[in-house]
Amino acid sequence: MCPMLLKNGYNGNATPVTTTAPWASLGLSAKTCNNVSFEESRIVLVVVYSAVCTLGVPANCLTAWLALLQVLQGNVLAVYLLCLALCELLYTGTLPLWVIYIRNQHRWTLGLLACKVTAYIFFCNIYVSILFLCCISCDRFVAVVYALESRGRRRRRTAILISACIFILVGIVHYPVFQTEDKETCFDMLQMDSRIAGYYYARFTVGFAIPLSIIAFTNHRIFRSIKQSMGLSAAQKAKVKHSAIAVVVIFLVCFAPYHLVLLVKAAAFSYYRGDRNAMCGLEERLYTASVVFLCLSTVNGVADPIIYVLATDHSRQEVSRIHKGWKEWSMKTDVTRLTHSRDTEELQSPVALADHYTFSRPVHPPGSPCPAKRLIEESC
């Protein structure tokens with residue numbers, strides 16, 4: 001393994017380290033380029049990963065719970081929503097490791113197994129999410145455009161089988177990540193060769209271009225079908241239109257930049273015919289953009305719950321019910337706390353303290369007049 005000279009972001013000195021990438025295990029060349037700076041993207045990566053982790057964990061927990069309730073009621077679409085939420089939840093749970101790694105100047109100190117597992121979860125999550133977005137769009141397309149024909153044919157068992165196939169297929173494709181042998185760095189790039197170029201072409205075509213075409217086509221047909229419907233109000237049609245547009249926009253924003261960088265690198269390798277100096281120059285110029293765009297794909301973990309669960313009627317009703325229950329519980333808690341506080345204040349008042357101490361009261365014979373001076377509250 002050739003050492004790589006990395007610019008130290010704090011003192012500007014070059015530090016020799018050994019660099020690997022999760023796809024190094026594919027039998028690809030481990031030769032690297034020099035003078036790749038990690039400091040340029042450090043702040044952006046730390047901020048984005050921290051924000052996605054903070055927002056994504058509770059959002060996907062709520063999404064998974066709401067989707068599970070719908071699955072138990074026989075909702076087919078909810079199967080894909082549940083799998084997507086669980087996948088995103090697993091990934092967002094690993095983001096703190098990314099933050100530690102980046103803050104440590106891309107030096108992995110948590111052990112080789114942790115690097116392998118984190119890399120495996122990350123790259124699997126990208127394409128599992130993309131495929132589940134396709135499944136969700138296709139299921140909505142069938143349910144809306146072919147509402148009568150699909151009645152009784154959309155089954156929960158079929159959705160579970162498709163979900164299992166997605167997990168197995170993506171898991172097998174990325175399994176070679178576990179054969180990585182390097183120990184000091186993780187997730188970083190290698191110099192291009194013909195096999196990596198082919199891998200990038202495949203990822204762009206199968207992992208992005210085809211799914212994007214499916215999502216764009218299905219949502220366009222959904223919108224057109226709803227537009228021609230006479231049974232929906234203008235507000236309902238606008239809601240469906242905005243939802244369809246949002247799906248495509250989020251997909252493009254999260255996944256298009258990174259896959260376009262992959263395509264540029266693969267095309268440049270083909271154009272320069274593998275010239276090492278030309279490719280190293282390209283790697284050094286595109287490295288910061290590449291890792292930032294890769295980081296941008298994690299925003300999908302926050303966007304998916306908003307689009308596919310919180311925007312649906314059933315989910316909004318469930319969220320409203322949970323919020324109402326939480327509000328009632330909070331009000332009861334506030335009343336209890338206020339009552340307890342008021343009782344405490346009364347116990348601390350002079351009159352209350354006097355009442356709580358035992359004093360012998362004067363005994364008046366029957367029929368005798370009351371004393372002239374007494375507390376108003378005291379009776380004869």
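Glycine too: its Cβ is placed from the backbone N, Cα and C atoms.
Following the DSSP three-state reduction, the secondary structure of C186 (disulfide bond) is coil. The feature disulfide bond is assigned by Swiss-Prot to C115-C186.
According to Swiss-Prot, the feature N-linked glycosylation site maps to N35.
Taken as a whole, the topological domain 'Extracellular' (1-45) shows an average pLDDT of 49 in this prediction. Annotation comment: Swiss-Prot describes 1-45 (among others) as topological domain 'Extracellular', evidence class sequence analysis.
Under the heading topological domain 'Cytoplasmic', Swiss-Prot lists 69-79 (among others).
Among the features that Swiss-Prot reports, topological domain 'Extracellular' is placed at 103-116 (among others), with the record citing sequence analysis. DSSP assignment over the topological domain 'Extracellular' (103-116) gives 6 helix, 0 strand, 8 coil.
Annotated topological domain 'Cytoplasmic' per Swiss-Prot: 139-158 (among others), in sequence order, evidence recorded as sequence analysis. Under 8 Å from some Cβ of the topological domain 'Cytoplasmic' (139-158) lie the Cβ atoms of residues 71, 74-77, 79-80, 218-219, 221-222, 225-226, all in the same chain and six or more residues away from its ends.
Sequence annotations record features per position, and here Swiss-Prot assigns topological domain 'Extracellular' to 179-197 (among others).
Under the heading topological domain 'Cytoplasmic', Swiss-Prot lists 221-246 (among others), citing sequence analysis as support.
The topological domain 'Extracellular' feature in Swiss-Prot is assigned to 270-288 (among others); the stated evidence is sequence analysis.
Per Swiss-Prot, the feature topological domain 'Cytoplasmic' maps to 312-380 (among others); the stated evidence is sequence analysis.
Remote same-chain partners of the transmembrane segment (46-68), defined as residues 6 or more beyond its termini with a Cβ less than 8 Å from a stretch Cβ, comprise 78, 81-82, 85-86, 88-89, 92-93, 95-96, 98-99, 102-103, 295-296, 298-299, 301-302, 304-306, 308-310, 315, 318-319. Look at Swiss-Prot and you will find 46-68 (among others) tagged as transmembrane segment.
Positions annotated as transmembrane segment by Swiss-Prot: 80-102 (among others).
Here the transmembrane segment (117-138) has long-range neighbours at 22, 77, 80-81, 83-84, 87-88, 90-91, 94, 97-98, 159, 162-163, 166-167, 170-171, 173-175, 177-178, 180, 186-187, 207-208, 211, 214-215, 218-219, 247, 251, 255, 297, 300-301, 304, 308, meaning same-chain residues at least 6 beyond its ends whose C-beta is under 8 angstroms from one of its own. What Swiss-Prot lists as transmembrane segment is 117-138 (among others), and the listing cites sequence analysis.
Here Swiss-Prot flags 159-178 (among others) as transmembrane segment, drawing on sequence analysis.
If you look up Swiss-Prot, you'll see 198-220 (among others) marked as transmembrane segment. For the transmembrane segment (198-220), the list of distant contacts is 23, 26, 28, 126-127, 130-131, 133-134, 137-138, 140-141, 244-245, 247-248, 251-252, 255-256, 259-260, 262-263, 265-266: same-chain residues at least six beyond its ends, Cβ to Cβ under 8 Å.
The feature transmembrane segment is assigned by Swiss-Prot to 247-269 (among others), with sequence analysis given as support. Long-range Cβ contacts of the transmembrane segment (247-269) within its own chain (Cβ-Cβ under 8 Å, at least 6 residues beyond either end) map to 126, 130, 133, 137, 192-194, 196-198, 200-201, 203-204, 207-209, 211-212, 215-216, 219, 278-279, 282-283, 286, 289-290, 293-294, 296-297, 299-300, 303-304, 307.
Listed by sequence, the residues of this chain that lie at least six past the ends of the transmembrane segment (80-102) yet keep a Cβ under 8 A from its Cβ atoms are 38, 42, 45-46, 49-50, 52-53, 56-57, 60-61, 63-64, 67-68, 70-71, 108-110, 114, 117-118, 121-122, 124-125, 128-129, 132-133, 135-136, 139, 159, 163, 166-167, 186-187, 298, 300-301, 304-305, 308-309.
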